[in-house]
Every structure is written in structure tokens, then in C-alpha cells.
Amino acid sequence: MSKPMNYDKWKKIEVSDDEDDTHPNIDTPSLFRWRHQARVERREHRIEEQQEHEKQSKELNERRKKLNEKLKALEEKGGDVSTLKAEKESLEKEERQWKEKDEDIKKQERLRPLDVDDLTHEGKSKTSINKKVTEERPKNMTEEEQAEYYKQFVEKHKDNIKKYGMFRHFEDTQKFLEEHYELVCEETANYLVIWCIDLEMEEKHSLMEHVSHQTMIMQFILELSKSLKIDPRQCVRPFFTRMKTADQQYKQGFSEELQAFRERVQTRAQQKVADAVKQYEEEERQKRLGPGGLDPVEVMESLPKELQDCFESRDIALLQETLSKMPRDEAANHLDRCIKSGLWVPNAKDAEGDEEEETKAEEQNEEKFTRDVQKLQVE
């Protein structure tokens, strides 16, 4: 599973009341009711302000319409339009003030923190979850039970998870999740993360980046659910509503978190590939080990150049001559390691039989060298 993400972008969310610590002597239910009432009053004030702003817009439009009619009438009669100059300047000033206030209201709305009421109620619409259709995740499972539950979940929903992973646009993703609420859970997020790592290991970088976008959406929804302590399925619509109406700051935060996730996926994939290569090399090394437990490749690379040439050319006479020129202890050490690694097999003729292409002279030479080796080891 991926490293827990830092969701600083959601710090503006006013989390559920029951997350706050209160003094034991405080009447907690009353405090919660008071906080809820405060939120309601803020909402009502905001609605009244918006309604008043819209009312002012209608009044300005009506005044602009009447002023234009007066100007047109004067022009047709050849009258002096300068008589309406003061009224025109006053109206233009009020229109500029209204536009400035309108921009300010829009900015405040974009930056306004989500509260619990926003997340559980979106206007007059409501997120309805059919509990008979969606499955409930068992609670307090052991590690073995969690592993088994994950396995069964993936077997049942793998096709839909992959379909979800291939969407790109927020609208399509939201629609699909609202049709498949059972996918909004940790198991889906876990599968998506593993899928991203596998794609990166397979060097399917573009597809990994595509799926990682959908993975991040699921991670955000789940983290939002944890922060608010509500069912993650209830966070689907609020999340997409926020993302579609968010200002550049929110969208930039999502993009930065997505990029950080992709970098973690790439790092993890590289590590898994390195581990796989290391495991393969170790398995191959174990297969190569000689009767004494030494790796012939490692022993061969550690031999002096002149001894390496002897083994590469399979020249027994040259090997015998080269060893005879070395100090006895050094030669004995090299021979011992060659035997333990399987580079040299004493009495190979007895073990494998004669090779048809070997000459009698070569057989006699090898037998003599074997006796010399055994004698050298004893001494």
C-alpha cells in the first residue's frame, strides 16, 4: 500500500463536530447544537447576501434599460443628451461597484470551507445509497480475514475497477461511481495502487499515469471520508462538485499530490524490479554452486589472470605448469577453491566416463595432474 498522503488542501474543511475535544464539564450536546446553529446562521446570512446582490443586479439592469430609452428618445428629437450625464455617471459607478462585489462574492465562495452540512446536503439533492445493493465491509477483521476479503472483493469487482481506472474526465468518473458505489472503498484503492506499480514495472508509463489519476481521485474521496467520519460513498458527489468548481489553488494541489504519488510509484517499481533481479541472480548463483558451496563464477573472477587463461583454454598441461611456478600455499589455496566451486573435478573420468574425442595422452596427462593435485592438498 502506498505511503499515506498529506492532504493539506483539505485543511479548510470544517470537520465533524465530534472530532473536537471538549472539557468534561461542558454540556457537549448543547455545544454541538450551538455549533450547528452557528453554521445554519452563517448559511442563512450567505443566502440573504446573495439574494440581495441578485436583487441589486436586477435594479441596475432596469435602470440601465430606462436610461438607454431616455438617451435614444433625446437623440431622435435632437435634444441635449448632456442633461443625462450625471445620471449616467452615477449608474456606471454603481455598476462598477456591483461588479467588484460580485467578483468578491465569487472568490469567497470558491475559498469557502466545506462544512458538514455542505457534505451531507447539496442544495435540494441528496446522495441516496441502496444498502441492499451495496455490500457492507465487515468490521474488526484479522489480517487473514482482511486478505481473504480483499481477494474475494477483487475477484468480484476486478472488471469494474479496471473500467473505473480507464476513465479520465471528472463527469464520467462521478457517473460511474454513483452507479457502482460498492467500488468506493479501501480495497479498490489498494488494487489501483498495485496496478499502477505493475504497469510501471512493465514500463507502460503512459498507462500508469492514466490510472494514477483515477487512483488519486479514490484516495482523495477516502481521505475526505476519514476526515469527516462519514461513509466514503457520501463523499463522492461533494468531492466532484468541489473539484469542478474549485479555483486554481485547489486544482494545483490535486496535481501536485498526483505527481508525488507517481514518483512514489516509480520508486517502488524500481525497487521491486531490483529485488526481482537480485532474487533471480541469487537463484542462478545457488544453481551454480559447486560441491564445496562456492560459486564458480566468483572463484573464476578471483583467480590470477594466468590461471583464468588455463581454465578458459582447458589446457591441463599449462595449468600444471602455472601452478608449479606458484608458492605451494598459494597454489594449494587456488586448487582447493577450484575444487569446491566445481571448476576442477578430481577423478572426473571415473565420475563421467571417457569422452570419445579425448586422446589417450590427454587422459594420462589428466590422471597424472589429478594425482599431483591430491598430493599437493595432502602436503
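Every residue number used here counts from 1 along the chain in the order it is shown.
Using the three backbone atoms N, Cα and C, a Cβ is placed for every residue, glycine included.
Positions annotated as compositional bias 'Basic and acidic residues' by TrEMBL: 1-15 (among others).
Here TrEMBL flags 361-379 (among others) as compositional bias 'Basic and acidic residues'.
Summarising the annotation, TrEMBL assigns domain 'Cdc37 N-terminal' to 4-127.
What TrEMBL lists as domain 'Cdc37 Hsp90 binding' is 125-284.
Positions annotated as domain 'Cdc37 C-terminal' by TrEMBL: 288-371. Taken as a whole, the domain 'Cdc37 C-terminal' (288-371) shows an average pLDDT of 74 in this prediction.
Feature annotation from TrEMBL assigns region 'Disordered' to 1-32 (among others).
Taken from TrEMBL, the feature region 'Disordered' covers 44-104 (among others). Summarised by DSSP class, the composition of the region 'Disordered' (44-104) is 58 helix, 0 strand, 3 coil.
Annotated region 'Disordered' per TrEMBL: 343-379 (among others), in sequence order.
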